[in-house]
Structures are given as structure tokens and as C-alpha cells.
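Copied from Swiss-Prot, the annotated features are:
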BINDING   165-172, 190-194, 215-218, 285-288, 315-317  GTP binding site
BINDING   172, 192  Mg(2+) binding site
DOMAIN    1-158  domain 'Obg'
DOMAIN    159-334  domain 'OBG-type G'
């Protein structure tokens, strides 16, 4: 199950109590204080990792707690420190304070790690309080409580390529072709109910780092006002390096391709105007359903209405035009 938002209560460990104890040896009838300090409570850390793409493993949890520190002991022994708890999250995770909405950290790289809740300090045993004037202190202090924090985790996928389009534009079929995977495909709206990630290898570049591609669930008119799957998934578009708009040029499923493209771009810019500066390519999909003359006519109309856009013709079903798309990825993403 894809989970890209979650709220958790994080509880760091309590420090162990210091103890009052006395040195008791056969030839030291008046032995002094011998109580040790408590161990520190475990802290909670969050670390970004690759190969993790949602918060699914945390979805049934309400809170997470680190270990408490152990109490001190006689013979001036310090209690064991509580074990830290490290939460793994995907790259692209935003960590916020749930109470204030304050952004605590934006995890963008593998291995980034921060302390979110500090463990409590261990209490002091009576050895700590021994002085020249108080050689037999009876005082010890309890451990400090660990920090407690309610946090929100929000994921914005980091991908090289983001596939964007209306439901049934053929995104999932194209995704399967490019990533050589099997995303569910069907002739009804919202076949893709959550973002899917795949690796795109071009023939002849198997020893190079593949591109990460995200199939974003179908966007509908009004998505920027949270219609359909709306804002839940529009945020995943923000961090992709290249947006690949997938438009059904056949016009069979919906209204005209030019109207689809106009609405789609309008929704993205209504969500966040800064997206206009992102690199975009328009993939005119399902050309296998058109005769050559029909293709030329519709492409000419689109280029007339969108003269500044870059178009590529292809068929995710038959593979026609896919090699040219690979070449385009290479030129765009190698810059």
C-alpha cells in the first residue's frame, strides 16, 4: 500500500534514575557513597534512505518510543544507556511539527540523519554529591524524561521523469513499456491509484545509472482544487527533473487533445505557478489509432496552439516512437 502522509507521536527514552548506595567492605566499616548514575535515554533519529518509496511500514503505528536508560547501581556503576531508535524514511520526505506546521527538515539525500527527539539525561547517584563537607550524601536524582513530539511526514517523490496526464491517456501502458514493468492497466478512470516508480534503462546503457520514472495518478479538471485524487498526488510533480505530459492524440476517450493539454497545464500552474519553469515534453500517445493524415492534422493544430512546446509522437502499446523518447531523455537528463 502506498502511504505518502503520516502523523506519528515520537517518544524519546527516559533517563535512568541515580541511586543511593554505600560502599560495604569488610575492612571499611565506614565506607562512603557508592551509588552510580542512571544511563541516558535513547534518542529518536530520522534517516533518509534509497530504495524506500512510502511510509507503509509505519501506517498502523500511532507512536514510536526509544528505550529508557537503566538505573544506576551500587559499586558506582552507571546504568546502561537506552538504545537510539532510527526511523528510515524515503528521500524526498518533509518532516514537520504537527502542532505548529513548522518544517523541521527536508530529506533530499541518502544518509541524511537528524535527531528529532533527544533522550532524557540519566539521574545522578549519591557519589556525584560527595563533597569535602558532605562525605555521606543521601541524595540521588531521577532521570529526566525524554522529549515527546508529534510530527508529520510528507513524501514528495524525487524522480528524473514524471508522467503526467488525464486518466486513460495511456500513461501506465507507456510506463510499462519504458520501465519494463507491469503497472495495472484498464479502460476506466484512475487505474493508477498511487504513484508507481520504475527504472528506465536504454539499450546500450545498462552500466550507467538508470533514470527514475514516476507514474503520477491521473489528473482531472479541478485537481488543483482537490477534485479526484487532487492535491494528494500533485505534490509529487514538484521534484521531478522532467515532466512528460502524456496526451491521448486519438481523442477517442475524451475531448480534443489540444483541450486536454490546455486543461492539464492550467491545473498544474494553478497548483504551483513555479512549475512553468520546469522542463516539459508533450508525448502524443496512441498514434497507432490514427491514420497518417489524421496524425499530421492533429499535430499541426497542437503546434499552432502551443508553439513553445516540444512534442513527440509515440505509441505506448506498439512501441512506435519509444526509441526517440529514450534519445530525448538522454539529451534532457544528461545536461
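Using N, Cα and C of the backbone, Cβ positions are placed for all residues, glycine too.
The structure, with features from Swiss-Prot marked on it.
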residue : record              : Cβ within 10 Å
165     : GTP binding site    : 27
168     : GTP binding site    : 21
171     : GTP binding site    : 29
172     : Mg(2+) binding site : 26
217     : GTP binding site    : 26
286     : GTP binding site    : 26
315     : GTP binding site    : 22
Original post:
What Cα-Cα separation, expressed in whole Å, is found between residue 165 (GTP binding site) and residue 172 (Mg(2+) binding site)?
Top reply: 10
Subject >> Integer Cα-Cα distance in angstrom, residue 315 (GTP binding site) to residue 172 (Mg(2+) binding site) >> reply: 12
